[in-house]
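Taken verbatim from TrEMBL:
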DOMAIN    7-144  domain 'HTH marR-type'
Amino acid sequence: MSNEIKGLEIGLLIREINSKINSNLRHEFENTGLTVPQIMLIRILVKNKRLKVSEISKKMNLANSTVSGIIDRLEKQKILKKIRSSEDKRITYIELADKGREIGEYFHKTINSYFQKVFEKVSEEDMKVIFDGLQTLKKVLDRC
């Protein structure tokens, strides 16, 4: 099998794995009533604490106007809040409110629990093979 065909198969396998993980996690988060983009935005703010709309847009790969709509809906639910910059009143930062931090913690615990359940019956040897393979793939992608 040529590297081109292997590369294509690896790419398709990554898509399939990503799709299965996302589908399973979406099922886990159904009870929150939040959409996938809302969940993504909350997870970004958990990692980054405080960002401008444009920074969130870049991280989500979405237009500023789309992200602004998501932010407005989450603000109405008191999940996040807008903070005006004290240095430049034109700049607004977005950060999680207390409710948003609680939801972020729930996501973290749920995701950890999901992956523990996925890998609980995998042998230590297989875990090492999976981990080493993913590390190698990451290094290859980092060089691109």
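Glycine too: its Cβ is placed from the backbone N, Cα and C atoms.
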Helix, strand and coil residues within the domain 'HTH marR-type' (7-144) as assigned by DSSP: 100 helix, 13 strand, 25 coil
In this predicted model, what is the average pLDDT of the domain 'HTH marR-type' (7-144)? 94
